[in-house]
């Protein structure tokens, strides 16, 4: 018996090919989802093109060129030029940079802050929960648009252009995520493996980070993709209204806002149709990806 | 067969002389019932109501009772996974009732739990090796990864899991194997006491005996003391040295297993024992059938908690709450009939 024990324990276990983590199973399901994969590829191209914009083109985006005002698309300017003589295609690339940056940064900040607040409130419960959740309700009660405009005005000059908007949206936007995470944690912590984690000596921080969050992460990821799309729309909407990123910075929203001019709207469709299409497609693909992740992480769906 | 019986008898004799590992004194665990506009506490569910018993070193103490009688709450309170409302828990000479924070965390090294539900008690996102190794990592942060892995492999082998289990996830195992993972996790810290909360009630009958036998083997090997919670009387008989019977949050009878099964004193215990299925169809047993339902623990009856269903209830039963008294050597019962 003893010899047997020795022999068996000294063998290092060889890694068998078939031990799929829940994440690996989800990844496989996602890869098989054609719509989600097509969307991912599209989004990836948009992202790469946007973030590599300075390397793709060397045109100065801020310079006004009066000699090339309002030109329709041609071989020199693929998508024409706008009223200030700036190349629309180049601005589209740089605009994607800003729009995607705002979307990603807001999503990141909102998810991180909302998850911290939500998981602490959900795990500890009681007074901690009441205080944090009342604070969350307080934030959720702010009229979003009014506060964005006011905070934008206050912060303007303290932070550089785009970051004002990012901070403002994030500060006002984390309430929903906090609530969602809290409710998920509340139901997840009833499982016996949480009691087991406490019993084997995990500190509360470890219980939350190692045991609770990985099991609610699927919900958070799905929520994050939806948020990403929402934040891009928010940026565009605010910029269109003139309260978003400063007008000299190109963003898809700012480009769209030129169509407020009836002349541009009617006679220069090449300046506002491309950003509208790219914006729509980007948001659509993000939503398809979110849908795909949701399906992939749902153990009950088989595709 | 003979050998095992002898073995059991000698065990019982041995444990009698031993010291108490755990003493529970007047333990009460109430769950508050909140209601009204400000969510004030408007009442209590008396899940555990004044329970006292002790567990001796090396023995298995069985806790039986129907569902909802407070067995699991008792077990969890003893492990301080719940906070007691009143009473004292003395573990190995130390009062652990009011420990908190890091001191409580340190104390947990010596008492572990095997959970009821093998599906909910393992983190689905962790590999089995990490699940079993985590308690070691928590308490010995300086330990080398290789050393921990060796210990985990030892445990995996010891509880009868395949050696490639280390890199697998819990969902790849059957219920019985998952329960073995849970047992290995509880063993990882070499605790003195293991509270097994209905460890086999979620398993197939054929697998139940394997897990029970594993628990018995491990008890001898690691010098363990068990608090074995179950509602299956034959399982408890197989496992325990001494048995406590609970009803509606109260401990109503405590004795060694032979006294409980051969001459139960409390009317409730008598009814329970008479309900054990008899495998021999020619032997007719008298079955005591209890009338009515278990009263709600948020509004327990006055006097003896069992008097509403007791076939031998007297008038005095509804007024006086009987205390647990030693009526025979090592046989305590809470019933007015034996006063």
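One-based numbering along the chain as shown.
Glycine is treated like the rest: Cβ placed from N, Cα and C.
According to TrEMBL, the protein carries these features:
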- A:1-13: compositional bias 'Polar residues' (COMPBIAS)
- A:1-21: region 'Disordered' (REGION)
- A:35-56: transmembrane segment (TRANSMEM)
- A:96-290: domain 'ABC transmembrane type-1' (DOMAIN)
- A:100-126: transmembrane segment (TRANSMEM)
- A:138-156: transmembrane segment (TRANSMEM)
- A:162-181: transmembrane segment (TRANSMEM)
- A:212-234: transmembrane segment (TRANSMEM)
- A:272-293: transmembrane segment (TRANSMEM)
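Contact between the transmembrane segment (A:162-181) and the transmembrane segment (A:272-293) is absent: fewer than three CB pairs lie under 8 Å, with pairs separated by 6 or more positions in sequence. Taking Cβ pairs closer than 8 Å, the transmembrane segment (A:100-126) reaches residues 46-47, 50-51, 132-133, 135-136, 162, 165-167, 169-170, 173-186, 189, 204, 207-208, 212-213, 216, 220, 223-224, 227-229, 231-232, 234-235, 245, 251, 282 in its own chain, all 6 or more past its ends. Listed by sequence, the residues of this chain that lie at least six past the ends of the transmembrane segment (A:272-293) yet keep a Cβ under 8 A from its Cβ atoms are 26, 30, 33, 35-40, 42-43, 46, 79, 88-89, 92, 95-96, 99-100, 218, 221-222, 225-226, 228-229, 232-233, 236, 252, 255-256, 258-259, 264-265.
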